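Remarks on the structure that follows.
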Amino acid sequence: MEEKQHYSPGLDGVIAAETHISYLDTQSSQILIRGYDLIELSETKSYLELVHLLLEGRLPEESEMETLERKINSASSLPADHLRLLELLPEDTHPMDGLRTGLSALAGYDRQIDDRSPSANKERAYQLLGKMPALTAASYRIINKKEPILPLQTLSYSANFLYMMTGKLPSSLEEQIFDRSLVLYSEHEMPNSTFAARVIASTHSDLYGALTGAVASLKGNLHGGANEAVMYLLLEAKTTSDFEQLLQTKLKRKEKIMGFGHRVYMKKMDPRALMMKEALQQLCDKAGDHRLYEMCEAGERLMEKEKGLYPNLDYYAAPVYWMLGIPIPLYTPIFFSARTSGLCAHVIEQHANNRLFRPRVSYMGPRYQTKS
């Protein structure tokens with residue numbers, strides 16, 4: 001008789017890989033990135049410094065930062081025929097689908113695509129990271145029949161990203177807050193999209209293929225699409241009491257409310273959400289309008305009281321992006337663009353110490369049926 005194997009739905013609690021990249025230490029409420037606390041990094045380091053840490057395993061020296069910035073800037077434009085491909089997409093295409101198509105198509109420009117060595121994949125990752133802001137912004141603008149906005153060499157990575165999405169030059173506060181959001185979204189151990197990327201990479205597929213699979217995973221509203229759902233929900237209410245009533249109605253109907261709860265942070269607030277909550281308050285202070293902040297706080301209190309659930313990063317990132325003037329359909333593509341750095345690190349690690357993922361199933365169907 002076959003031995004009964006343990007089954008864990010959703011692979012909950014299953015250790016699927018060994019990694020040197022990141023770890024969610026729920027006991028100390030820390031998100032460790034190469035041994036550093038992500039929250040502390042978000043207060044003092046830029047997104048590009050996080051990119052270097054993730055891909056090189058250490059924080060950069062000043063001279064290395066200058067080299068990295070030049071490399072990223074030199075890769076910030078998209079080929080003209082690549083933009084024409086995006087023009088062929090239907091008008092109602094979601095930007096995540098445009099992003100997935102555009103990312104997959106970039107593989108055709110790589111003449112060394114079969115070289116999966118760490119050095120080749122790192123160089124590929126830097127090139128991709130240079131193009132992600134332009135691809136994210138251009139796919140949205142082209143689908144909506146608008147001209148893409150070209151990057152400005154005088155702007156920082158995050159300022160350029162914001163500029164290409166909104167068409168306006170960001171203030172120093174807006175640039176700082178957006179950059180911090182990219183840091184917070186950059187890496188998070190083994191969520192669904194990272195697992196998908198590593199599974200694909202384990203077949204010796206290329207970096208583009210692994211990232212394209214991750215885009216498809218991140219589009220789902222149980223993973224990345226939650227930030228868009230949060231903002232649409234907030235826009236349904238005009239006042240704090242309206243929002244509380246809206247949440248109560250949804251709870252009575254047993255509807256899922258996006259932006260709350262997390263598979264890992266089950267009994268605590270996502271520490272990244274606290275950073276975005278502070279950022280939202282800063283933006284509301286600057287605007288002289290605290291309505292969104294007060295609504296979010298009221299929702300946070302209500303969900304903790306009624307369901308014992310705490311906000312995750314998406315809950316506060318959504319209104320932050322709204323205050324920055326970013327169109328809602330771009331929220332999830334931003335998430336993916338930021339996470340590209342972590343995903344690339346995971347694919348490189350998977351290729352370097354690979355074993356093909358091949359799990360089994362617990363069969364629940366009939367056995368040994370015969371033809372009548």
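A Cβ is built for glycine as well, from the same backbone N, Cα and C atoms used for every other residue.
For the substrate site, Swiss-Prot records HIS188, ARG339, ARG358, and the single candidate of ARG124, ARG253, ARG272 listed with them is ARG272.
Comparing CA positions across the recorded positions HIS188, HIS223, ARG272, ARG358, the one lying closest to MET258 (CoA binding site) turns out to be HIS223.
Of all the recorded positions listed (HIS188, LYS256, HIS262, ARG339), ARG339 sits in the most crowded Cβ setting, with the most other Cβ atoms within 10 Å. Looking at HIS223, ARG272, ARG358, the recorded positions in this record, the fewest other C-beta atoms within 10 angstroms of the C-beta turn up around ARG358. Across the annotated binding residues for substrate (HIS188, ARG272, ARG339, ARG358), the two most widely spaced Cα atoms sit 33 Å apart.
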